[in-house]
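Per TrEMBL, domain 'BAAT/Acyl-CoA thioester hydrolase C-terminal' is recorded for B:208-419. Positions annotated as active site, charge relay system by TrEMBL: B:SER236, B:ASP329, B:HIS364.
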Amino acid sequence: MDRKQCCVKLSVQPSRGLMDEKFIVLVQNALPGSQLTIRALHQCEDGHSWEAFGHYTADTTGTINVSEDPSIRGTYSGVEQMGLLWSLRPIPGSKPGLRMRKKNIQTPMEVTISVYQGHQTEGFADLVPLSGVVVERWYMAPGVRRIPVTEGGLTAALFLPLGPGPFPGLLDLYGLGGELVEYRAALLASHGFASMAIDYLTSKFTIETGKMVDRQYFETAYRVLQQHPQVCKSRIAMIGLSFGTSITLKMAIYSEIIKLSAAVCISGTHVQPVDGSVEEILRFPYKNVGKTRFSEKDEVICRDLMLPIPTDPSLKADVGRLQCPLLLLVGEDDQNWPTQESALNIKEMMAQAGNSHLLTVLSYPNAGHLIEPPYTPHTRSSNFRPAGMPEKVMCLWGGQTVEHSRAQEDAWKKILVFLRENLYGDRNPTLFSHL
Amino acid sequence: MTQVVPPILSVTPSRALVDEKFKVLVENLPPGCPVTVRSLHHSEDKDDWEAYGHYVSDHSGVVSVSEDLSYGGTYTGKEPMGLLWSMRPVPGSRPGLRLRKMNVCTPMLVTVSVHSGHEGFRDQAPLASVLTERWYMAPGIRRININEQGVQGTLFIPPGPGPFPGLLDMWGGGGGLLESRAALLASHGYVSLALDYLGFDQESENLEFKYFETAFNIIKDHPQVMPDRVGIFGLSLGSLVAVTLAAYSTIVKPCCIVCISCNHYYPARGSTVTSKFEGVTRQLSKARVNEDNQVIWKDVALEFITDPSNIAEVGRINCPTLLVNGCDDQNWPTVETAEDVARLMREAGKEHLLSRLAYPDTGHLIEPPFSPHFRATTFVMRSSKEKVILLWGGQTKPHSDAQEDSWRKILSFLQFHLYCSPNLKAKI
């Protein structure tokens, strides 16, 4: 047994963290100047393996600190504290078009981080690492409770922080993929918001009746959230991605019942038939299905279906009527929706209407459509089946990995600040007088 | 009725190992607001332990436990971890309690909350609370029950290919198998065996010695352990085992030993450690009892160790030795013991092997950091089953500082001796 092999000490601090927390990966006791590879391996719920790695050189004390030292080459390069997570990609030989999304958010994502001798690029499964540790990444902080919601025909899950409350509320909507996507709501609850993830495309109601939900479904969700004894009735926001944005804007502007304190719209558009039902809004882009383009890898590019941005006001949500702060997130390389063009038009409309003080636009060069919580892998394209459609297509979302990952990190930080300011903020100083 | 938005309380990290620090932050308070930050833990024995500090928010409505001063409570001053180490049983609890986690596979759950005001803060519901998990086992550690070759204990193996250095871990005369420290040591990269050794009623000293040697070899012979990098870690009576193995065993050669609250009392050659301990505790029944009815063993025990024929021949130890003791130890004369060990090793020319850490106002039970200090707790005498309250000594703040400081230095000592430093041989 090579004595030298036993020297290397690998540690990751913290070994258990939330998905949006940073960690420090430290290698100690290596031979000074030795070449080492640090690798992360994760097996996701559907059985696929994902890996990331960086090539390092130990310094004169035999140490490598991933948050301070550069990776020379690998799935990421340069000084990238969290590169071992955001640059994860399916191991060579995997099925194409994979996307990593955790379904069961009550268990942690387990990542094995190991250090290997030399600068390795492949065949890790056949190599014996010098050292390895297991790291847990959680979507739910301790004490956060998951409560399934079926009241009023809803298919939803409410995540409540621990404590007496009351907490500001959040309605969380994803896009056309449907199903109940819970991870962002769970993470937001870990930051102090009572967050309800809503399935509005494949809900029990839709499956049983074959009909799509409409405005009342979301108003019911709002009511259920408002009436919860631990939720602040007057501090409820909505966060939507992709088609979830269309719903968010529709509710924020046109619903008599839903009164939002703030809205976050990620990778969305305001282009929608103003008087249309949710179903009509959903079907609207398909009128232009002929404008679908294909990349040279045969990936579907949908962004032109809603271009050019209409001038007809009946085809755009009237953002000039918005009465709550709006945070708009744009990936400038979004190949799926015309997010950037929409954001520009929204800005113009609000400037004309005089409510542009409510608008904040965060625009990220080379970021794609799927702007998700940080440190999860960037998906440039994946196999996607919109709810209700018979087939999967390889959809191009866009984005370049490094910039997209930076965008996710920055966007998340700013989303949390925005939500905190608008939902926890002191809008009425006299409210605290009883303390 | 307008609803009030609560303050925002956060504990970062929310899940940590028991020896890791956390940051407790309260935000969104009004400026200059008096609040109490409190921790609460419901133990496995179903007792409630709490700690609290009184704070006043700054101009931006923030209280940072790591940066601000506590004006009172169970701790004062700038104490980032005061909410853990100053915990004590809530008023009205039964006396003499000691906090020990027996199930190390689950985390210790602590609820941290923020309350309005200072005096009478418990009268109202908290403004906000969060739950934090404190783990003894890092992710990926394997816990294996050991019952082989007559040896009983629990083995903890770090994740990864290894090989790892090993540690034989023993607690004191309190009995029962405490796994907490071994689990934590494994989380720092050592294959650790928490050894159950009291009450086995071995027939003879030789057989008992064999028990310890067999336990040591179980670690040494494990395929994931570096055989020449196995050490021994003992507290109190456990340190007597460490010292005697290092001094007398012809079979095992520990790479280094750590002795907390060292005991080198080794009379009546020919009897087992267990029976020696029995004998000692019987004689200690004549020990002094103070006005709080707490039993002080130290003074009587001091008489025992003055006879040189009753002392283990520590001059025979041939490996690096770290002694850690508290100067206010009321249970065993560890100050005098440490002096004696130093003298004997010096006389044998082994002084270069010895390192010593001694802490003022620190008691007998020097445990991993941030665990509460107990000045006196209930102890059941093994043979008579009599319950007494033993005085361990120490004052909470200095004892807690000692736990934090000594743990850091113990880990450093172990890393230095058990994780080899890279040699500069050309072949790689």
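Cβ atoms here come from the backbone N, Cα and C positions, even for glycine.
What TrEMBL says about a protein is an automatic prediction, not a curated fact.
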### Query
According to DSSP, does B:ASP329 (active site, charge relay system) fall in a helix, a strand, or coil?
strand
#### Entry: Where B:HIS364 (active site, charge relay system) falls in three-state DSSP terms
coil
## Note on the structure
Whole-number Å distance separating the Cα atoms of B:SER236 (active site, charge relay system) and B:ASP329 (active site, charge relay system) is 11
### Task
Could you find out if DSSP has B:SER236 (active site, charge relay system) as helix, strand or coil?
coil
### Summary
Within the same chain, the residues at least 6 apart in sequence whose Cβ is under 8 angstroms from that of B:ASP329 (active site, charge relay system) are B:SER261, B:LYS298, B:VAL335, B:THR362, B:GLY363, B:HIS364, B:TRP392, B:GLY393, B:GLY394
